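Over in TrEMBL, the protein carries these features:
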DOMAIN    425-507  domain 'X8'
DOMAIN    510-592  domain 'X8'
Amino acid sequence: MHAALGPWAINSHAPRVFVLTHWASFQARSWTVMAFARFLVVLLGAALASLLLSSCADASEVGVSYGRVANDLPDPAKVSKLLKDNGITMVRIYDANSAVLTSLANTGIKVMVMLPNENVAEAGTNPSYAQQWVRDHVKAYYPATKINGVAVGNEVFDSRPDLNSKLVPAMRNVHDALAQLGLADAIKVTTPVAFDALKQSSPPSAGRFKDNIAQQVMKPMLQFLKQTGSYLTMNIYPFWAYYNQPDDISLDFALGNSNSGVDLTAGVLDDDDDASHKYYSLLDAQRDAAYSAMDDLEPGVSLSVTETNWPSRGTPPHHGGHGHRGGRRLADDGDGVFTIANAQAYVNNLINRVVAGNTGTPLRPNAQMDVYIFALFNENQKGDGPDDIEQNFGLFYPNMQKVYPFSFQGGSGGGAPSGGGQTASWCVANAAVGDARLQAALDWACGHGADCSAIQSGASCFEPDTKLAHASYAFNSYYQKKGRAAGTCDFSGAASVVYQEPSMCSAKTSWCVANAAVGDGRLQAALNWACSNGADCSNTQPGAACFDPNTMVAHASHAFNSYYQRKHRASGSCDFSGAASVVYEEPSELSYIRSSNSNLLSAYISGSEAACFHRGPELKQQQCILKERMHCHLGVYSVKL
């Protein structure tokens, strides 16, 4: 096992060149010979055009997996337009939904439908069922809807191992049903397999399938795919390997960023060029491991990737087939790995190489790579909640705004997301480029118009004192001052535009106040959490300066605001599951904040904090004391700014 990548093993067409022969010998002296020559040139030209068109038609494509495990997604007609507007030419769905298939009619978009796992057993034992399913879910929509594939199940080995013996028979029956309708050449049958179907994947040349499926399922499956001119599909997520073994895999290697490469093929290839022995992408290493496992059982079958991506936020679940497999793992919060910047880097790197035709691997230099990015949308009914990475794979939010810039035509994907208009956006630093590049870009931004005063030592946004936080602040200041114009958030690849407000310090003075409408029960729970996670709650203890008024709203506001200020007013640090909100006027001016002591509130609102602190000598001492007590009530006693 190669030391550099050993642990991840357990986790989980060249251009055709045509030369026209020199026709010097055809210096014809007669019209007949000249006509014949012209005929040959026309014939060869037609053949050349045909072959070139064939080569273009075989080029790799990037599509999307369109999951719908959510209750807030746009209707299929809008989704169809979204796909077309973004130049997406392939889509994979997880069923054969009538509304979706109808909406994709006459768009030219290639569609892979799926026979769900729950139907695999019936399709595998009952050819008549398979025939009816194909008539109802494929033939009924084809050719208006350009269905080009049927996936029989999805990750059956993981999710429904009881169906293992039925999988290949179901694939055969679906293929036979297509053949009876004359559709077997245009529509291929496959099944998506999870990458963890491999028992070994490092070095890639030693890739092998797990013993319980290799001979019994995978060998006959690969034989079937070869016989029918189809291909194996696999769901591959490099981030799992990096998450589980960050000491052994570099982030750049996992993301497909520029890197020095990892030699995993020495002694395997005959080529003496050391560069050909190196992998520059973890995805390629995993693809080659899959190819090796396939060739060990049945050579000559191609591979497509039906799912891959990088989560844009969240934490991994503590269960499932991709869990920890030994060695050091990143902390449960991902240590900042599951970020919009990293997701954007992974997706754009992938799209760009496919568009450029750079799809080969060290073991398969001429390999094609059709790939589907998972998923089209963030899906709010997956996983264990909004902080689960399962809900954060989308290219788009449900409102059809991009999660980050990308382009299916290649490039960085800059510009406003789908939907048009002056959409709110922010510029954030890309941690993957390293501190040196961030510092250089930060210096440039601060010297060219960004307001960097708030990130100076002792200023309101100096903390957290990290290169990433300071760079994000400076980049966003420059970007906003330039009116969010195209090209003003790049900094030589050190930054990217996001369309959901990031966790970033704001120099604008603000406060966090409790929302009385949620009730004392929720306020108490949120107060307890805040006090246990960094808020200074000593002033609201019995006998302390801010104990009175002794109400839940008063104590909660104090705790919430203490937490918010200690987190440097970062986005998201004043929510508490809806129990609090940010205000941008001093709470002394906000009449909607209720107190059990209405006289105290009225007296406080009649003046202002500024009067108490800047014109104190002109006011009665008692009134200033009263106002200070009200500050306690609003939870800002210890955080006057």
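Cβ from N, Cα, C; glycine included.
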Give, as a single whole number between 0 and 100, the mean pLDDT over the domain 'X8' (425-507). 84
DSSP puts the residues of the domain 'X8' (425-507) at 34 helix, 8 strand, 41 coil
The domain 'X8' (510-592) - residue tally per DSSP class, helix then strand then coil: 37 helix, 8 strand, 38 coil
